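Novice: Have a look at this one.
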């Protein structure tokens, strides 16, 4: 395991600079996501400094994706029509070299979700796959528990599962949890930023994907983009939790905090280490 | 009319214990609801201690409902496709003995809403039907006024109408209002918790159904579940209104308050009486 | 250019009285809008004193619109099914003399959006067309930049473009921006209320249309309704920005402020002038 300063040599300057780049370039981040937390995704994207777009009609989704810096797919409230449209959008993203971030919400809970997520990781060029232990475990072919859209954990070593799936898919995989595991198959990082409060409101998982998408829109180093995203969002969560009177206040403050996380905050307060 | 202590003998211990049970079991509460307030429903469900799920695709909705402790149907932004999917979900709920909470939003305002709600109460095993005076009055066959999704009142005695409809449908009926009326046809309770501020934001009616659904997921005594739900949510509203600077602050605080309502708060501050 | 007192003679009393009328009559404002900010639209409509309704099913949308005082169409997440339903709703609005407010979100960004908005302004009796510089410029046939749903500006004089389009369409056109331009083709007003913070959250453009719709529901003077709406909403934004700790707090306070803007606040703090 590498120490913090050793990591710093390789990554830290870059991590902070990703936030700087987002705020300079304000990339469009196209979302095809669930109708439960879509507003939160739009706002967190603005807070980190990018610009959210939501569009789904088959007549325009490819055209809109072509303008974007990243495409976030979230199957939280999927149906067959939406799946078809996600594939149209994803094909456009592939054509234009736009990174795709996939949040396989509820994979493992129903067979539609499991099969859809499996089909997506097989047929599409996913840049970042982000899910909880149950979802990532399911997609890695492990015995995993998913209860609705909540993770019930996974059998086996989470780091190995994440790393193995990343290697198999040739993409970056993020297994979210109290300690986020981020791997591209060869390099694996752990991020300890975040706060239990984040599990007490709806949408933090979805928002994390939006933040990662914003980062992936400005660098092709998707491992660093993912680590920066989960760390910056986690720092925002830590700060929002201070003195929060409850989940409502926490959510309000989470947006405030995300908007005020500075580039050097990630370098300074990011609790990221290499495995 | 029974006095408060007399009620206490029969109900009060149970009421508080319902909250305790929710927080211990964190039941899944499946929602098929409108796209306006769905995020509020998800968050209030988390605040009371349950776990919200939203899914609608015909390929998975039955499978997801089978995992849930309650199914909340809200026709606030219905269309024929959604109605079909609600029936699929409801049939699964019936099969697995999962209680169905119906919020017939706008029944009385358009014939699609009236007919859909009528069909649901006739063809489905509804456990709790919750609506405002106009909606419940309409479904009871009374002359009632519904203006958009707002109640304009009902002709006749609200308590009799609620009790009569509950008896006819063999379910619990909640007529929401400044004083909520809750009846299973033989027993009728009145709940005076709540605050006028709750009418100044969108979604409190929908959230009440989510809270009732969370309660109904842990007890088969749906009268008590409904009384506990409206009382606990009303207490949260009362507390949120204190020092609220306006509707935005109130809404934020409503989630905070809901999360902090304790089991014995319902027993202590619940203003529930029997008729 | 007319001075402030001169404007006052013609308009100011009316402006304030529009807010008074909304709060007395609480008109229904029917929305067919995007799924990203629909909850914000519902809440801001309540805050200004009107009553929001959302319905889209072809079986009921005409019936519901007939009850409303205004119809707000927002193409932020359009698809062909929604477009068809918007036309059904609009035809009902025309039949009953109900004003239509059109927010052509993203016109200029994709051809579906541009063509849909063009078809709407050609085939429907729009009372108020409200968009950013890129959207209004696109619909005026000018070279305009639209990036996702963000305006990139327009070539030419914004006031002339707005006035010219209003004249051509025989309706009121609002080009939103740091200075809002409001014209009915013969009279043109500028409104300087508002705050840069309003661009840092999702949905302020959509909410502005809801506020204008609420105003248009109580007067047939759509120029005054639009000026009152953007001014009152801008004043709310200015007040919400004071001491806001970030975008989350700002949004929460925006609803508080909107609810507390009084009729005479518009007359006193409205920075509206004639061109």
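Numbering starts at 1 and runs along the chain as it is shown here.
For all residues, glycine too, the Cβ spot is worked out from N, Cα and C.
Swiss-Prot lists A:54, A:203 with the feature substrate binding site, giving sequence analysis as the kind of evidence. Residues or ranges marked as ATP binding site in Swiss-Prot (evidence: sequence analysis): A:130, A:176.
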Novice: Look up residue A:130 (ATP binding site) in the DSSP assignment and report helix, strand or coil.
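Specialist: DSSP assigns residue A:130 (ATP binding site) to strand.
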Novice: Hey, which of our binding-site residues A:54, A:130, A:176 end up with a Cβ under 8 Å from chain C?
Specialist: A:54
Novice: Please list residues from the chain of residue A:130 (ATP binding site) whose Cβ is under 8 angstroms from its Cβ, counting only those at least six apart in sequence.
Specialist: A:101, A:102, A:103, A:173, A:174, A:176, A:205, A:208, A:209, A:212, A:226
Novice: Relative to the Cβ of residue A:203 (substrate binding site), which residues of the same chain, six or more apart in sequence, are found under 8 Å away?
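Specialist: Same-chain residues close to residue A:203 (substrate binding site) (Cβ under 8 Å, separated by 6 or more) are A:36, A:37, A:40, A:41.
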Novice: Cβ-Cβ under 8 Å from residue A:54 (substrate binding site), same chain, 6 or more residues apart: which ones?
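Specialist: The answer is A:30, A:31, A:32, A:33, A:38, A:42.
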Novice: Near residue A:176 (ATP binding site), how many other Cβ atoms are within 10 Å of its Cβ?
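Specialist: Taking all protein chains shown, residue A:176 (ATP binding site) has 25 Cβ neighbours within 10 Å.
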Novice: DSSP secondary structure for residue A:203 (substrate binding site), reduced to helix/strand/coil, please.
Specialist: coil
